Amino acid sequence: MHSIVALMLIGTILPIAALHQKHQGFILSSSDSTGNQPMDAISRADRHTNYRSCALRLIPHVWSVCGDACQPQNGIDVAQKCCSTDCSSDYIKEICCPFD
């Protein structure tokens, strides 16, 4: 009876331990066979934070250009566009400022 329980536990523990080692190796390795950096996945939150801070800095700029909050034409995401590339004041006027 005890040997059956021991075999069942070993059959359960070994795959879990192997999976745990594989996961730890991914996190701790500096690069994989394709040259990708696994640690870069951890920095994705930083890119999101940078995007969010860019969007927050963009709000006062839009207010200074339009005199009001952005009212994007055609559903354009102004923060996505202007945080990935530089946007001119003319571009912001074109897509954000309400038509007179």
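Please read every residue number as a count from 1 along the shown chain.
Cβ from N, Cα, C; glycine included.
Listed in Swiss-Prot as the disulfide partner of CYS54, from the options CYS83, CYS87, CYS96, is CYS83.
Sequence-distant neighbours of CYS66 (disulfide bond): residues of the same chain at least 6 apart with a C-beta under 8 Å from its C-beta are ILE92, LYS93, CYS96, CYS97, PRO98. The local packing around CYS87 (disulfide bond), expressed as other Cβ atoms within 10 Å of its Cβ over all shown chains, amounts to 19.
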